[in-house]
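Undergrad: The structure is given below, and queries will be raised subsequently.
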Amino acid sequence: MRTSVLRQAGLCRAALAARHLQISSKPSAALLSQVTRAIAVQSLPSASLPRFYSAEATAQSNTAASNGLVTRFADLAALGVHENVVRAITHGMGYENMTEVQSMTISPALKGKDIVAQAKTGTGKTLGFLVPVIQKIITQDPDLAHRFGGKRARSDDIRAIIISPTRELAEQIGEEARKLVKGTGIIVQTAVGGTQKNAMLYKTRQQGCHILVGTPGRLNDLLSDSHSGIDAPRLSTLVLDEADRMLEVGFNEELRQIINYLPDRKVLPRQTLLYSATIPKDVVGLARSYIDKNNFEFVQTVKADEVLTHDRIPQYIVPCKGFENIYPAMLELIEKALNESRTNPEALPFKAIVFLPTTAEVIMANAIFKRLQWKFKHIPKTWDIHSKLTQNARTRAADEFKNARTGILFSSDVTARGMDFPNVSHVIQTHIPPNREQYIHRLGRTGRANKPGQGWLIVPDIELHAARSRLPGLPIKRNDELECASVNAADSGADKHANFQHILDAASRLPEDLFKDCYSSYLGGALQGIDRQALVYALNDLAKFGWGLEEPPAVRQSIMKHMGRVQGLRVETREHSMRPMGSGPGHRRDFNSRGPRRQSDDPFENALHRAQDLDRRPTRRQQASF
């Protein structure tokens, strides 16, 4: 199989003779360093290769790239890609020009090389790995190039597995893959948590499967179940998408177990394509386990002179008097943005993603603003996405928001990476993010395809110091223009902004358990770096002045033990049978190398250093100036 792909790639080498970045398969740390430097520094003309890729618009190219890289999808036929696949891209999906990551990865992947690619989300990575995956299957079984050709597909003869960190991203990849194989006999199935396993197995056994897209947990479950009927004895390609994210959320063990269920690559060679937005040490370790170090190419599309989204998009931080000021200030911001979109013809329609630190807070925010929408018709429709929803509900919400012209999506971090929501005008984050990287990934949901956007961070005063320490080196400006942010809600004589009463009215109709869940979720570690006693006092003020409760919600004994000796908590008289929702992720430390670097014989280590050279991350001692 592998030989046939290499032979096919060899037939088109004449068409690639002008390619300056041709890489020998001979392993050499020095050679890899030289090539990655060339890839990182040598910029392609912006007119030829658009920086961003999205489903709603594909940038047009007027001239061929000067360095000889294939930049048009129609030219894939010259590389041996089957005409049915090319037609699906150019006619079915309407794409003409490749993005940079597509141009730089498809060609070497078609030659059979393993790929380690550092590329940002929203740059067309999905199509970049789907094309070689599909073509390799067709090369292995030419009858599958046609819709009704070949033998009936089976569930125990999977040829490619694509692993994604989230259900939403896996579903998105599966949807794109089905568009690509529409004119072929290749069958695509998805396997994600939050859906009925038996229903997926029944469908897969009935239809068969050539490409299986899934999340690590569900894939490990299926492959480890000897009665599932899911197997991949002739697996030819393995794809790891958003590798850094999979490791961040703790899927390392599942990934290791999945590999144990796959054929030994020493007996049955397979191609591995690994994509990651960042290349920290744990990703390098992952690559070392999965990638053939004698036959791989490291592609880096993040350049030293590139203006990144978090450097380009205007960003503002709004310090608030207390937790109870956050929703009124957010409502004020939304109303101002709506007015701007109505009066400024050049402004995007208001379409916002609001990131909140816990699942319970996502549910509460959506419930409150949904009631505000019923009362004030100018407030756009709202949705929420979080881990407590079924996969069908999450997919429905994502699709509706994606297709909406205007709206507000309240979300936990399940949508922070990978999901492509077009024309998002605002990303609003409440409370301090778990780390600088997550702040940047959330912000990346706006400003896509070089469109305008804004980032807003709304934090109470007790989190301001932690925000300064956690978010250095970012162009975040302090904004004190929102009136609701500075109001002292505890002052009964104060002339409060009307938004405070609007929020109280909406909260008065919410169920008691929702307040208890939200209150407890903040005590579960969602806000690291905040003094526990100050946090309890702040939450009690929120309960009284923001939710209108006479006393704070009672908490379980286990939370009391976790909090230690703090004042102001009420304890439940008996253990509640239902656990609070969404305790939220804790702060994760970063393990960046320190001290002078030395040249290594390990090509993966050199790739790491080259990638980290472009990450202009400030030192830990620096603080933001807002």
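Note that the numbers count up from 1, one per residue, in the order the chain is shown.
Using N, Cα and C of the backbone, Cβ positions are placed for all residues, glycine too.
When I checked Swiss-Prot for this same protein, it listed these features:
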type	residues	note
MOTIF	74-103	motif 'Q motif'
DOMAIN	106-297	domain 'Helicase ATP-binding'
BINDING	A119, K120, T121, G122, T123, G124, K125, T126	ATP binding site
MOTIF	241-244	motif 'DEAD box'
DOMAIN	329-493	domain 'Helicase C-terminal'
REGION	569-626	region 'Disordered'
COMPBIAS	607-617	compositional bias 'Basic and acidic residues'
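Where in this structure would I find these features, and how exposed are they?
TA: In the three-state DSSP scheme, T126 (ATP binding site) is classed as helix. Within the same chain, residues at least 6 positions away in sequence whose Cβ sits under 8 Å from that of T126 (ATP binding site) are Q172, I173, E176, D241.
Beyond its flanks by at least six residues, the motif 'DEAD box' (241-244) meets 121, 125-126, 129, 162-166, 169, 173, 274-280, 282-283, 286-287, 417-418 of its own chain at Cβ-Cβ distances under 8 Å.
Note on the domain 'Helicase C-terminal' (329-493): mean pLDDT across this stretch is 91.
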Undergrad: Reduce the DSSP letter at K120 (ATP binding site) to three states and note it down.
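TA: Where K120 (ATP binding site) sits, the three-state DSSP reduction gives coil.
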Undergrad: Report the DSSP secondary-structure composition of the motif 'Q motif' (74-103) as helix, strand and coil residue counts.
TA: 20 helix, 1 strand, 9 coil
Undergrad: Counting across all protein chains present, how many other Cβ atoms fall within 10 Å of the Cβ of A119 (ATP binding site)?
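TA: Other Cβ atoms found within 10 Å: 22.
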Undergrad: When DSSP states are grouped into helix, strand and coil, how many residues of the motif 'DEAD box' (241-244) land in each?
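TA: Final tally across the stretch: 2 helix, 0 strand, 2 coil.
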